[in-house]
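Report on the structure given below.
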Amino acid sequence: MRTVRRHGAGLLAWFAGIVFFLPIAWMALTSFHSEADAATNPPSFTAALTLDGYRAFFGSDGGASPWPALANSAVASLASTLLVLLLALPAAYALSIRPVRKWTDVLFFFLSTKMLPAVAGLLPVYLFAKDAGLLDNIWLLVVLYTSMNLPIAVWMMQSFLAEVPVAVIEAARVDGARLPVVLTRVVAPIALPGIAATALICFIFSWNELLFARVLTGVVAETAPVFLTGFITSQGLFLAKVCAASLVISLPVLAAGFAAQDKLVQGLSLGAVK
Amino acid sequence: MTATTAPLTRTPVRAARRPPARLRAWATRAPLLPALVFLIAVTQLPFVATLVISFFDWNALYPKARRFTGLDNYRQVLTDADLRHSVWTTVLLTAAVVLASLVLGLVLALLLDRRFRGRGIVRTLLIAPFLVVPVAAALLWKHVLYNPEYGLLNGLSHYVGGPQPDWISRTPLLAVEVSLVWQWTPFMMLILLAGLQSRDQQQIEAARVDGAGDWQIFVHLTLPHLRRYLELGALLGSIYIVQNFDAVFTITSGGLGTANLPYTVYQSFYQAHENGLASAAGVLVVIGSLVLATFALRVVSSLFREEVSRA
């Protein structure tokens, strides 16, 4: 009885996994179909495969090339992630290894800023950017994404740095190691996987962001999600192209997410769950 | 960056003559300051500005006519039928998505907590929806699944001779909700799975030895243990989904009664240029979120203190 039930649970889990993955699998399959085969009812599962959807997405059909948008997204995500690390690492250090007084209060202040909806600050940011001539400038998004991800990064890294045993640091100090040596030789190796996961999660959030990018960028600095909004209204046969575009633009996030899989939940729950 | 913080933090340990206590306290604080100052400047100042603007009658197309109106914008927001409707839509959307994805996430977490062949693969398959760019996911549902003519849902229904409805125009809010549940269930599953795996296995074994069945163990041991993880998932999920813009913007463009508050804020200043009204709506979103956030902070704090005391 027990074995039957265990196998039953396994089968059910497999079934659920396949159901949840089905839309993505179907999107992938459709992206390799010709437009004529993509838009059929009933669906054509066995139609010939082609790269036309991808060619169309990358501009072979005379549409706008996605490369500038992808490059903008890469700049916004990578630069803001780097900036987040530069700001969050010292802060996390001051909240874990050498804690300031009332460090939990400071930690919770960081968290509370994340809980205010970003949309409420959008208008002043827009007016400021307009006055300062920063509209349609990718570096404005870099600054904003940094502020969005900073609280998450501080929380995550605080919890990762707190895992470094104090005794090990003390021992290195007693042996006469100076702080830079302690940081690079003792703290970094232990905390590095956590720091990497933090970076990946910040990258994902920046890459995904739509609202601010949509309002604050135009032709020059548009990001990949904004480029995707061009597909909201359908015109003609474009299903394979939409699928190709969605997949290509999601690939960096899928890659980063699977790479950070083990630490994903810790980041998303702001370090509350390990 | 270690180069800039190092001399400051090193002094207390290395210096022969110890600097005064106040200086040392600042040296400990120094690494924290850049992040704090940056965060306050970029996230807190705009909120203050929003609050100020919300008291003005200010249409960006007629900047000369800007004037102080006190609480007039709030009165308008709260009495305007469309805006009131968007408050209701936000509540409905958030509650439905959070509850459904929490229940589904719990079922999936319980399934994944057991050992079976290919568990890692199934886990990966289940996480994938969360790792699709939200706009891409919304496009996928809108065009590839929901489309009445060539969408997969009607395509599959065709095989069994089922109906061919236009999902989005028939049940617009539900269409948005289902796509969000699909994306957020993995999030809930991950949090609950972490909760399940932090259970006290010895306690469960002891209960089993004492003759407790699976159901009894679930109700009396697992659920109480999971309570705070459920709370955490619900609150974090609410905080993220209250702010949802991508799905509403993409699937229905705020039409057919699906405009939630973030979409309304976006629309009232980006399309209608009503800065004052948009700000008042924004302040209302903040107040709603503050209520949620107070509870969320309490839950995070209790989990956090447990972690710290365990360490």
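Including glycine, each Cβ sits where the backbone N, Cα and C put it.
Under the heading transmembrane segment, TrEMBL lists B:32-56 (among others).
Residues 119, 122-123, 126, 173, 176-177, 180-181, 184-189, 191-193, 195-196, 226, 230, 233-234, 237-238, 241-242, 244, 248, 257-262, 284-285, 288 of the same chain, all 6+ positions outside the transmembrane segment (B:87-112), place their C-beta atoms under 8 angstroms from a C-beta of that stretch. The annotation transmembrane segment is assigned in TrEMBL to B:87-112 (among others).
TrEMBL lists B:87-296 with the feature domain 'ABC transmembrane type-1'.
For B:124-144 (among others), the entry in TrEMBL reads transmembrane segment.
Residues annotated as transmembrane segment in TrEMBL: B:173-196 (among others).
Packing against the transmembrane segment (B:232-256) from elsewhere in the chain are residues 90, 93-94, 97-99, 101-102, 105, 134-135, 137-139, 141-142, 146, 168-169, 172-173, 175-176, 179-180, 184, 187-188, 191-192, 262-264, 266-267, 285, 288-289, 292-293, 295-296, 299-300, 303: each is 6 or more residues past its ends and has a CB under 8 Å from a CB in it. Taken from TrEMBL, the feature transmembrane segment applies to B:232-256 (among others).
Positions annotated as transmembrane segment by TrEMBL: B:276-300 (among others).
Below 8 angstroms of C-beta separation, residues 89, 92-93, 96-98, 100-102, 104-106, 108-110, 112-113, 126-130, 132, 134, 137-138, 141, 146, 167, 222, 225-226, 228-230, 232-233, 236-237, 240-241, 244, 247-248, 251-252, 256-258 of the same chain, each at least six residues beyond the ends of the transmembrane segment (B:173-196), sit close to that stretch.
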